[in-house]
Every structure is written in structure tokens, then in C-alpha cells.
């Protein structure tokens with residue numbers, strides 16, 4: 001036997017040996033009966049000091065199903081227990097328990113029994129055998145009335161008001177019976193889809209009952225309107241019992257015993273507010289088997305809940321007056337209540353927001369301890385420390401909080417701060433709270449943060465603060481200070497990399513922090529740390545600014561002459577990076593590859609980058625054709641390509657974008673032999689030969705052509721009539737003639753493009769536009785998807801259309817000039833309407849004099865085309 | 001390792017909250033609690049005040065320069081809940097656009113990579129992120145809002161560099177660029193947003209920080225097909241997030257500092273990270289070839305000396 005004490009339950013007895021699974025409390029609440037297979041025990045609850053129980057051995061092979069003490073005064077010595085198919089009526093007198101009646105009529109196990117509420121001799125029992133028997137103890141041989149219900153009954157309950165009415169539960173249905181009309185139920189309620197575990201009538205209403213079910217709900221029915229539940233209470237577990245409280249409109253629920261998930265608490269609800277329980281009775285270590293109410297002194301508001309659990313402990317819970325109030329019960333006299341209870345009494349149930357607020361409260365506020373949070377009393381006590389002492393602040397939440405009503409702040413006993421500071425704190429808190437609750441927002445956390453900020457400020461401004469504070473407090477706020485809690489504390493130092501290698505730094509001048517207590521505290525996270533008056537009336541002398549947080553009191557004596565040293569320092573971080581502006585300026589990319597490498601190696605040596613000299617020399621050796629083997633290019637050499645690639649990869653991984661990009665350019669450039677490249681470049685530069693594709697792609701078929709396609713496209717569309725063979729033929733060439741380079745690593749070459757692009761951007765930032773253009777020439781930009789009219793020519797022999805001037809399959813030139821009848825290779829113009837055209841020069845000459853098409857088709861080409869483009 | 005190039009006495013009457021140099025490294029903009037934004041010419045070691053922009057009615061938290069291809073634009077955001085975009089016209093800076101559609105302090109502004117066009121992202125303490133897009137045709141700014149991006153408030157935004165998921169330099173079909181941005185807020189989260197059609201969707205939620213996230217920075221990516229984000233927080237930590245596909249992110253704690261960390265900034269190459277925080281110190285971090293992060297420099301020492309010298313001079 002062990003006794004545990006807790007503020008909530010004042011009697012706790014453990015009876016391991018009883019193995020009882022039924023419990024009953026007599027009508028005066030004095031005795032409790034515990035019944036199991038082996039013992040029946042009776043304990044006096046009024047006699048707290050005496051832990052003794054009276055045990056009566058009971059030799060039976062059946063468990064006790066249920067037990068109940070007669071609720072009437074006349075026969076309050078009687079109690080009844082069910083044992084399999086039998087009911088045993090026991091009499092408790094003079095400390096002895098004797099069996100007086102044995103009621104047998106059921107043919108199957110009895111599931112439930114219930115004494116009549118007012119008639120001391122009447123008792124109802126129900127069983128799996130589908131019968132509900134009503135017994136009169138004056139004739140115990142047979143039931144006085146038997147009700148046949150077809151389905152097995154699990155619960156039976158007499159109505160608390162109407163003496164004739166009783167309700168029984170059958171699986172998911174409820175049947176109502178009138179004992180005067182015994183043949184059939186008078187009412188039938190299809191209550192739940194799952195099994196009903198518990199049934200209870202309202203203590204005051206004749207027509208109101210509650211059913212608790214496996215489907216995790218408690219449903220409330222008005223028997224006048226049985227089709228639909230009056231209301232539903234949803235929980236997250238199957239409900240074993242749901243019983244009304246004898247006071248107010250409360251309800252107590254327990255979960256199904258089989259469900260051993262550690263949920264051993266009883267929940268107290270207010271039936272008017274079914275969202276969350278009003279209270280949770282925590283204490284049992286195993287499921288609660290039975291609970292009953294007890295009222296030690298009649299006509300008193302001292303209600304107690306007696307619970308018996310599978311852990312074989314009996315707990316008696318005191319239901320505090322405030323809990324009763326939460327259930328809507330209003331005791332007649334309130335004596336010795338504190339202010340809080342006065343407040344709670346006045347209004348309806350608004351407990352949920354507060355409970356939620358408490359649970360969401362971040363209690364890790366520096367310098368602040370939350371001592372106590374009591375949802376039920378709607379109070380919260382916090383302690384803050386400052387150099388002037390300790391402040392204990394009690395916050396009381398009225399019931400209507402936070403809907404326009406701010407909580408009440410009080411400096412509690414035990415505070416050691418002086419009056420002026422406490423006034424100041426209270427003023428600030430009220431102000432912040434008011435700001436929040438006006439918008440129906442909760443305010444506890446902002447208030448607490450503000451409190452800490454205020455205290456901190458008082459710590460620092462210990463000399464002159466009051467006048468300033470009060471003044472600002474009265475001033476209307478420009479932006480409202482309440483949300484400063486969520487605005488991050490301003491940065492007062494920082495570093496940013498800008499442009500290519502500049503590092504811009506700003507920070508606080510020395511001395512960075514005041515010498516006093518602030519050194520150890522971490523930097524606050526929110527702007528509210530600066531005090532509630534931050535942001536109000538900008539630039540007034542007394543405004544708290546960020547600087548005042550860090551420095552001594554702004555020297556007001558100096559007036560406007562106060563100067564904060566706001567420096568920005570620009571650092572040259574170029575030594576941190578491998579990219580070098582000087583190199584960028586001097587590197588060349590035009591000319592023979594070998595010459596480029598040699599030249600760039602020299603450049604690197606003048607800058608002092610000997611490592612790069614080596615790399616360039618190596619690149620030169622790799623890239624330039626070997627004298628001995630004139631025919632063999634380095635790309636065909638087993639080591640050449642790989643060496644170049646690994647060089648590029650190395651520099652890229654070092655973030656030396658400059659070197660990586662330069663090598664990429666050279667690498668790409670080298671694909672063409674130097675001489676061929678030169679000739680191709682010349683061809684490109686002569687516009688008339690631009691479309692001479694054949695010759696061009698003889699020159700190596702490199703994807704890295706040297707003219708940015710943007711230029712080509714632009715040139716090609718200077719005149720809308722110009723036949724656009726250039727850019728498209730170029731594209732075709734690239735696709736068709738693309739000779740995969742020895743290791744065609746697509747991914748790698750894409751990266752190379754990025755390197756070039758990144759280097760071009762760096763050059764751009766340096767303002768080296770010429771060098772940037774040089775690099776961009778090596779870019780292999782994606783050919784732009786052509787959108788618009790496209791001219792195609794049709795081969796006269798193959799009848800296939802082609803976008804270039806020669807047929808794709810037979811390679812014959814496909815397009816003849818309408819004037820000179822010679823095949824067109826270079827620039828051409830066509831009429832969009834009739835399709836006739838030819839050499840640009842010829843067309844130009846023709847249309848200088850004529851308006852009509854040279855073919856004689858009668859088309860007014862110029863006018864028609866102009867009309868079309870308009 | 002770093003040498004002082006220029007020391008500018010900004011003449012701000014209160015603490016400086018941000019400073020940034022433009023694309024070419026020629027102009028410096030600073031913003032302060034004295035509600036002003038100042039622009040200096042710092043070419044060749046000079047520091048000439050070009051303009052003192054007064055338009056905000058609260059402390060100015062952050063500034064951002066645009067890419068010069070859109071002209072000389074400067075965005076600033078303030079405690080007064082406004083974002084102002086300033087434009088230089090004939091040497092004078094004027095208010096070009098003012099955005100006042102936030103309900104609380106605007107803490108962060110950042111221009112998108114120029115490849116996307118002229119776009120500005122703003123993060124505010126009202127929890128939302130605004131994306132302001134300049135419409136060339138109509139000469140207007142179009143505002144899109146990500147409501148409730150961060151519960152309580154958004155403290156920082158940073159754009160993902162403009163690189164295509166599958167780079168396509170050789171293919172004829174260029175793939176569209178995906179706009180992404182990263183944000184950090186008071187809900188201790190780092191979130192990654194992707195533009196999906198005309199909406200912004202939350203692509204990822206990175207949850208390691210244990211206090212407010214103060215700054216986020218998406219590293220410039222130089223070809224390396226890898227995304228790196230740095231985030232710093234009130235929890236005194238800097239976390240480096242890496243991902244190959246923008247879907248799964250790995251986190252590495254760079255360091256737990258002595259005080260809260262306010263700023264992270266990547267170098268243009270994306271290989272050096274500058275970190276600064278409440279302790280007034282600036283440290284530079286570089287990833288070694290093995291992948292570990294090393295502190296390579298402590299700028300604050302130099303700065304401290306410098307400030308002391310300056311004080312003597314004054």
C-alpha cells in the first residue's frame with residue numbers, strides 16, 4: 001500500500017491485492033466498495049487517516065461485472081454487484097457486509113445494472129441475453145418487469161427526473177423504455193455506427209442524454225428530437241464512459257480500457273464548449289475502470305471525483321470551485337476568492353486561446369523566468385532580474401481576453417524594485433498589451449519581450465531615463481511599437497563583397513560596447529530590445545536609436561554636435577583571388593596560338609605570377625604543332641587533350657576563372673589549325689563571301705566560329721527582303737559538319753562556356769570592354785531559334801527544300817537569279833509574295849527603275865511586300 | 001591579405017546598416033538609421049559625396065545596386081515599410097518607383113540576375129516577399145507577392161544565379177531559365193522559392209537553424225553545376241547548404257560564432273564567404289580543396305586599428 005500525494009487528489013490508496021474491477025460509492029460519499037473476483041472491500045473515505053479497508057473474501061469463479069450502491073437514503077446500506085448471470089444484493093451495516101438477495105433471471109452474462117434514482121427497491125439490469133429486467137427487492141424471486149430488446153444490451157440507465165423512463169444501449173443504438181409501457185421501447189435512437197460503451201442521462205433534464213462510443217465521439221441527444229444528435233464531442237480515442245457532472249454542464253470522459261496507449265487521464269469538459277477539455281486529471285498509471293462523484297457534505301460545493309484504475313489505486317480528486325465555474329456551475333457564495341476568480345466568474349468560456357498562447361509561448365527569453373503558468377486560473381507569473389533588483393510580475397487574463405481586453409499586470413509580492421521602475425514597467429506593459437488586444441491579438445510574448453527590453457534599458461540608462469521614457473510613452477507612435485518584436489535587430493556591422501574583389505566593411509567604432517553588464521548578454525534579436533519608443537517621432541533628441549544601445553548615453557550636452565563615426569572601409573581583396581586585373585588587361589587572345597601563349601607567359605612573369613608562366617609555357621608546348629611531326633596535331637596526341645582539360649579543371653577548382661577561361665579560349669581556338677583559321681577569318685570579314693559555306697567548313701568545321709552569331713543575325717536582317725541564308729546556313733553547317741572533338745565531353749565543354757562567360761563578366765566589371773569582346777568571340781553561344789518567315793529553296797532535281805543555297809542531298813546549287821539566271825551563292829533577295837528573286841545587287845538595280853517583278857509575273861513586289869510588312 | 005583601399009567617413013548621423021558598391025566598383029551607397037541613403041564616388045581612392053537621398057521616414061536597412069544594363073538604379077528598403085528605387089538622371093538621383101505595399105518593416109532588397117530582366121525581391125517583417133518586375137513595354141512595375149512566406153517575418157532574400165538546369169550552348173533549343181530565390185525568416189527556416197508559371201511555389205524548406213535566420217546568400221555559380229547557399233542566424237551559426245539539383249540539400253555548419261551572425265556575402269567567384277555579426281568582427285572563409293571551410297582572414301583586427309587611427313586623427 002502506498003500513498004501518493006498531489007495537489008489535485010487528496011486521497012490516494014493503492015490496493016494491489018484486491019484485483020478489483022468494479023467500484024461504487026455510497027450516496028453519502030462515505031464508503032467506497034471495491035469488488036473483484038476474490039475480495040469485496042469497503043473503505044471509509046471520510047476517515048482519511050485510517051488506511052484500513054475491510055476485506056471480505058468472495059469465493060467465486062466469476063469476476064464482478066459492475067457494482068452500484070443504492071442512491072436513495074432509505075436503503076443506502078444496500079449495494080448490488082453483478083456476477084456472471086446473477087445479481088447479488090449486499091447489505092453493509094455495522095462494519096459487516098452480508099448478502100441479502102440473489103437475483104437470478106438472466107440467462108447470459110449481465111452487462112450492466114442500475115438502481116432506480118428515487119425508489120429504493122427498484123433495480124434494473126441488462127444482459128447479453130437481450131433482456132432488461134427490472135427488479136423489486138420486495139419480491140426478489142423474479143423480475144417485476146422484463147423488457148425484451150432483441151439485441152443484447154450493454155448499458156442501462158434510469159432517467160434522473162422521470163421515474164418511469166430508462167434507456168438502454170444496444171450496439172450503436174439507444175432504446176428508451178417507459179416501465180408503464182413494457183412491451184416495446186417508446187423511442188429508438190440510432191446514435192452511433194460503432195458500439196456504444198457508455199450512456200448517461202443529464203442530471204437535470206428529462207430529455208437529455210449522452211452516449212459515448214467506439215467511434216471516438218460523445219453524442220448528446222434530445223429525446224424529443226432523436227433523429228439528430230443535439231451536439232457531438234469529438235476526441236481522439238474511443239470513449240469508454242462519458243458522464244455528466246453533478247454541477248454545471250460538465251462532462252467527464254475516460255477512454256476505452258483496452259486501449260493501452262498510456263492515456264490514463266480523465267478529461268473534464270464543458271458541454272457548451274466541446275473543442276478542448278476544460279481540465280485533465282492526470283495521476284493514474286493505468287486505465288481508469290470506474291469513476292463516481294461524491295459530495296461529502298450536502299448542500300456544499302465540495303464535489304469530489306472518486307476514480308478506480310486498473311493500477312489498483314483509488315484517487316479522490318477535489319474539484320476546485322474554478323473548475324466548477326469552468327463547467328458553468330456558479331456556487332452561491334464565494335468567500336475568500338482572489339481577484340482572478342471574481343473575473344473568471346463574470347464571463348463565458350474563453351479558455352482555449354489562452355491555453356494555446358501558453359503552449360506557444362517561447363519561454364527562452366533572456367533574463368526572464370516564467371515561474372508559473374496556470375491556464376485554469378488564467379494567470380502567469382514571471383520573474384525578471386535587473387541591477388535594481390528582482391521584479392515578480394503576475395499577469396491575469398480576463399475571460400474575454402484577448403478580444404479587446406488586455407490582461408492585468410501586477411507587481412507581485414517578493415519584488416525588490418522601486419516604485420518608479422515598477423510604475424514604468426506596468427505602463428509599458430499596459431501600453432503594449434493594449435496595442436495588441438485592440439486587434440484581438442494575444443499579447444503575452446510581446447509583453448514579456450518588452451518587459452525584458454524595458455528592464456535592460458533601465459539597467460543601462462540608470463541615470464536619466466524616467467522623463468524620457470514617460471514622455472515617449474505618451475506620444476502617439478508613428479509605426480506602432482508592438483510589432484518591433486518581430487523586426488530583426490538592426491545590423492551595425494557587415495561586410496559585402498562587391499564588384500570583382502572589393503570588400504566593403506562597416507562596423508561600430510571602438511569602444512563597441514559599454515563596459516557594464518551588457519558585455520555578456522548576446523545581441524538581441526528583435527528591434528524591440530531598443531525599447532518601446534523606438535520608431536516614434538524620428539530624430540527627436542530623446543529617441544532611442546541603435547547607436548544608443550551600443551554607446552554611452554548620447555551626449556546631449558553637445559547637442560547637435562554629436563557625431564557618430566560612421567565609417568565605411570573599402571578593402572582591396574584582390575590578393576584573395578587569382579583573377580588579376582593587370583593580367584586581364586594585358587593578356588591577348590588574338591593571333592597564333594603559340595604566340596598567344598608565349599606572350600601571355602611574358603605578361604604573367606611581369607606581374608610576378610611565375611606559376612602562370614609555367615602553365616602558359618606548358619600550354620604553348622602542348623598546343624603548338626611539333627616541329628618534328630608537322631602533321632600531327634596535339635589533339636590527336638594521346639596526352640594533349642587530357643592535359644589541357646586537367647589544366648582547365650584545376651584552375652576552375654581553384655576558382656581561377658581567369659586562367660581557366662583563357663585556356664578554354666585557347667583550347668577552343670586550337671581546334672582549327674592556325675593557318676586555316678586565319679583564312680576563314682578573312683572570309684568572314686568579307687561579307688560577300690559569307691555564305692560560301694563550303695569553303696568555310698573546310699577550314700576545320702569548328703563549332704567555335706569567330707563572329708558572334710548575334711552580329712550575323714543582325715546583319716542578315718538589315719533589310720527584310722534580304723535572303724536570310726547566312727545565319728541559317730551557318731547553323732546548318734554547325735550541325736552537319738560538327739566533328740566531335742577527340743573526347744566529346746559535352747558537360748565539360750558547357751562548363752568551359754560558363755568559364756568564359758564568367759570571365760567576360762569580370763572583365764566587364766573592370767571596364768575592360770575590348771578584352772571582354774575578345775573573350776566573347778570565343779563563346780559558343782546557342783544559335784537563336786529563328787522565329788518568323790523563313791526562305792527555303794527547292795532543289796530542281798531532288799525536289800527537296802533546303803534552307804541554304806545548295807541542296808542538302810545532291811549538293812547542287814538550288815537558286816538561280818531571275819535576272820542573270822546564274823546560281824546564287826551570296827546574298828539574295830526574294831519577293832515574299834511571288835517568290836521571285838536573285839542576286840541582291842541585280843534586284844537592287846532592277847527595282848531602282850521598275851516596280852513590277854522582273855519575272856513578268858505581274859507582281860508589284862515592292863508595294864506588295866511593303867504592304868505585307870506593314 | 002586584404003589592403004585598405006579607401007576609408008570613407010560617410011557623415012551619417014547614426015549607425016550604418018548596409019553598404020554596397022556598384023557593378024563596376026566605382027560608386028558606394030550606404031544607408032543608415034538617420035533615414036538617409038548616401039552615394040559616394042570612390043573612383044581612384046576618392047570619396048566624393050554624389051548625393052544624399054532622403055525619402056525614407058525610418059531607418060534604412062538595406063540597399064541594392066542593379067546591373068548597369070538597366071541604368072544606374074539603387075533600391076533601398078526601410079523600417080517605414082517602403083521600398084524606393086532610385087535612378088540617376090544627369091547626375092541627380094531621383095525617386096524612380098516607390099513600393100509601399102508592405103505592412104511592416106521591409107528588411108531586405110535584392111535585384112535579380114540581369115538575365116531575368118529588371119526584377120527586385122523584397123522581404124518584409126509582415127512575413128511576405130514581394131517580387132517587383134519592371135515591364136519594359138508599359139514602363140511600369142508589376143508587383144507579385146508571396147504572402148506568408150515566413151511566419152512572423154522575412155529577414156533576407158537572395159536570388160539564385162541565372163543558370164539553366166541543363167546548360168545548352170550547343171543545342172539549338174535554349175532552355176528557359178528558372179527563377180529561384182532563397183529567403184530566411186523568423187520561423188528559423190530557410191526557404192527556396194521557384195517561379196512556376198505566374199506563381200511562386202515553395203520548393204524547399206531547410207530546417208536546421210534554431211533561431212531567426214538573419215541573412216541568406218546564394219553563391220554565384222561559376223560553371224560548377226552545384227548550388228551553394230550560405231545562411232546565418234541568431235543562433236550564432238553559419239550554415240552552408242549545397243545541392244546538385246536544387247531538390248535535396250545538404251547542410252554543413254561552417255562555424256558557431258561568439259555572437260549572433262548578421263551577414264553572409266559571397267565573393268564574385270563564389271569561393272570566399274565574408275561573415276559578420278553582432279560582435280563587430282568580420283571573418284573570411286574559404287573552402288579548401290578537401291571541402292573543409294577555413295577562416296583565412298580576420299578583417300576586424302585591421303579595422304579596429306584603423307578606427308583607432310582615425311579617432312586620433314580626429
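From the backbone N, Cα and C atoms, a Cβ is placed for every residue, glycine too.
Summed and averaged per residue, pLDDT over the domain 'RWD' (A:356-458) gives 77. Here TrEMBL flags A:356-458 as domain 'RWD'.
Under 8 Å from some Cβ of the repeat 'WD' (A:103-145) lie the Cβ atoms of residues 65-66, 68-75, 78, 80, 82-89, 151-160, 163, 166, 168, 177, 179, 182, all in the same chain and six or more residues away from its ends. Residues or ranges marked as repeat 'WD' in TrEMBL: A:103-145 (among others).
Sequence-remote contacts of a segment are chain residues at least 6 beyond its ends whose Cβ falls under 8 Å from one of its Cβ atoms, and for the repeat 'WD' (A:156-187) they are 112-119, 124-126, 132, 134, 145-147, 149-150, 193-196, 198-206, 209, 211, 213, 221, 223, 226. Sequence annotations record features per position, and here TrEMBL assigns repeat 'WD' to A:156-187 (among others).
Within the same chain, residues 154-162, 165, 167-176, 237-246, 251, 253, 256, 271, 274 sit at least 6 positions outside the repeat 'WD' (A:189-231) and bring their C-beta atoms closer than 8 Å to a C-beta of that stretch. The repeat 'WD' annotation in TrEMBL covers A:189-231 (among others).
Residues of the domain 'RWD' (A:356-458) grouped by DSSP class, helix first, strand second and coil last, total 39 helix, 27 strand, 37 coil.
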